[in-house]
Amino acid sequence: MRFLHVSLLGRWSKGRRHLCSAVGQLTPCRELTPEMKHQLERKWQNKLGDCRFDPADTVKPKRYVLAMFPYPSGSLHMGHVRVYTISDAMARFYRLNGANVLHPMGWDAFGLPAENAAMQRRIPADTWTHRNIGEMRKQLEQLAFSFDWEREFATCQPEYYRWTQQLFLMLYRDGLAYQREALVNWDPVDETVLADEQVDDNGCSWRSGAKVEKKVLRQWFVKTTRFAKPLLEGLSDPGLEDWKDIIKLQRHWIGECEGYAFELPLVGEHKMKSIAVWTSDPVELERALFIAIHQTNLLNTAKQTDCLLENVTVQNPFTGDVLPVIVTEAVAFPEGCDTYLAVGSESNRQLATKCGLKLKENTPSPASTGEEIVRKALEQGIGGHPVSSKLRDWLISRQRFWGTPIPIIHCPSCGPVPVPEQDLPVRLPTDSVGIPLAQNEQWLRAACPTCHRADCRRESDTMDTFVDSSWYFLRFLDAHNRREMFDSALAHRLMPVDLYVGGKEHAVLHLYYARFVAHYLHGKGLLPTPEPFKRLLVQGMVMGRSYRVASNGKYIPPAEVEIVDEKANKAIERATGEPVTMLWEKMSKSKHNGVDPLEVLREHGCDALRLILLADVAPTSHRNWSEATFPGILNWQKRLWLTMYDFREARANIDPSSGAPTPTPEFTEHEHKLWDARNYFTAGATFNYRHSHQLSVGISKMQGLTNAIRRAPPAVVSYGRQYERALAAQIIMLAPMAPHFAAELWEQLATAPHRVDDDAAGLRWDGTVFEQRWPEIDEEFPLDLTFKINGAECCILKIPAKRFNQLTHQESLDLALRQEPIVKLIGKRPLRTSDFTLYPSCEAILNVDLDRAAVEEGGEPATKSKKEKKDKKAKKKKSLQVLHVGM
């Protein structure tokens, strides 16, 4: 590959010639090759702009862009590359728009996979984890993600989990962390407790695949149910953007808070100290006859059925009565409950008689309201918070080794005692290999912080990794603070997260636990809002083509497959000729359908890989990884490269002594077309970056601008001011997605000979592409105000940008109702309501709601076929009126 070194370049401006130094400038050949891509990426690798957030800068608007941090497995997969390409494109976009952007990265580094891998290799889990972090960080840097690496941390570092322990102690002191016996899911292979969500439909562990057993253990819980109603109501917060079906998932998980849970104390000595009951009507507690439990309830140690449970009774704190307990399956247990509060119905009395229970006549007690009973329960700390019957507290205990130690010391005299804050962190032993904490006698020994007994033991359970990730977004604000979890004043300035990018697999549990922690810390005055994430971008998975032998379902590698008919989806196994089923599935080694992103990077370059992942399909949709989609992006890069080469060649051939030629009508017409194209495609690309996050459509808009630029005749390429501005806008809008390529194109543009200076455009020709501002729409360019009736588009009002960006709801309505075509459409029918949405410098929508019967005028049938509806929609779109509204 040949490069021409140029040290001095001429610059032509308004009939004057200047010389500027461009030492080290490279003017490339006309053809863009993979080798050239790699060379320019190496050239710009460490020159892609300052990615650090400046906490001292309070003038620029803040933007907190966060992608869910990864588990350090040691190698990136396509899912990683897609999510971080999306977040990086958005972070770079906001910087170009003048924002002070926080875009951090860290590592969700605890958990069983690291522990198991370390045991297999006979090395400490700490060593294995940090080795993987080093490898993955190199790979992330190869892909030019603009993370603020100064804020990097791993959850397995004592400097981080010290504050996770602090969070636990805060919850413990507020009565929100507690320990009790529980029937848990036990993985006999990994030897740890699993949450219900970590057990598949076949009753097997999500990680080891072992059949899960039921086991009674004393476990630690966090009382998330106390926040059930605020968490449910928080989903209606108008500040939440693009949560869409995530809201439905969260609502389903929490359930409707139509009742109350109460902890009623057991009488006598029992392992369990209380029993939980749920009722939709708290007054029922004053009329309770007995408690019914399911056969599987922990109190039924003998596994009896249909009987009165001997020696087990419950104290009713609201009446003073002692309630018997019946084992039965003959009652309507509330959803998710294995207890039932029985009141004086006929069926309950018959059940009591059947089980040999003699009920005494209830003495009517002074009538209490539900509010009074709830108040008493809250005062006594035995429940009373609104909650659904199915929601459970968060079980956080894990029994292995590689996790945050729970900072509790068990004293024979004092019971469980919190570790003093000055003694945090309770550190993990880092030199042992695969020894559970419960078996590490040296580590377990501790003195009581209260009475100083020496024969005490540390809590051997560690916390679920979801605890580590429930607050990590707050540590990024203040990653090296040694005095507190984070600076609350800083949190009040930077929270909530403006854009949170991650997979749908975390849309329930992780978001639920993170929301719980944020609600809790907001209640303590540490956060400005209870909801931690303003806007979600839930990206789809990257799917690989997999092949399964039809007869036995075995997955085989692509090399063993012969595709007979791609369109008909027909293939055979080469060795046997058996039919093979072709599928698009989530990439995995077991399905032989994974693609190493670094292989693609080595072949096509970093920027091409990023553009391929962003093009064709929306970030929220699954992406089928196929090389058949590559040519569109690769050819676009080549066209842009060729455009810049031809531009520089044309400008180099100008004779400045002859001056600029007199513009012809054709020249003026093409310049105006470029002015129009620049504004039109800039508005479209901006909308898809800023408002819809349809980055694939943004690429289509940019490709449209490329086509418009390439249609320009030679005279416009040589002398056109609008040509230069369009080319500049093209490169700036490309920069967030393809930073190296855009940086090189910008340098080629800025140092082109005889370039037309245009100070009014606001371009910094002496700076890199990352020092530019996002292209603005010219004030006189007409933008679309789409007018709708009952949601159907009727006409478009073209309004100059200067006036457009100042529109209010009422002004837009008044403007629309002054247009004769709109008045004719509406007639004399009164407006019921109207909605107005303005996307500055992009588009606006005004929808008026009329009486539907009046709109249809009774002349249309109630239902239409799909074809009729489609034809009508196409006809309506074709006849859509465009009205130009002056200044």
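Backbone N, Cα and C define each Cβ position, glycine as well.
Features of the protein shown, as given by TrEMBL:
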type	residues	note
COMPBIAS	864-879	compositional bias 'Basic residues'
DOMAIN	60-234	domain 'Aminoacyl-tRNA synthetase class Ia'
DOMAIN	391-551	domain 'Aminoacyl-tRNA synthetase class Ia'
DOMAIN	586-616	domain 'Aminoacyl-tRNA synthetase class Ia'
DOMAIN	725-784	domain 'Methionyl/Valyl/Leucyl/Isoleucyl-tRNA synthetase anticodon-binding'
REGION	856-887	region 'Disordered'
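Relative to the domain 'Aminoacyl-tRNA synthetase class Ia' (586-616), the listed stretch 60-234 leads the set 60-234, 391-551, 725-784 in CB pairs under 8 A. Helix, strand and coil counts from DSSP across the domain 'Methionyl/Valyl/Leucyl/Isoleucyl-tRNA synthetase anticodon-binding' (725-784) read 28 helix, 3 strand, 29 coil. Residue counts of the domain 'Aminoacyl-tRNA synthetase class Ia' (586-616) by helix, strand and coil are 20 helix, 1 strand, 10 coil (DSSP-based). The domain 'Methionyl/Valyl/Leucyl/Isoleucyl-tRNA synthetase anticodon-binding' (725-784) scores a mean pLDDT of 93 in the predicted structure.
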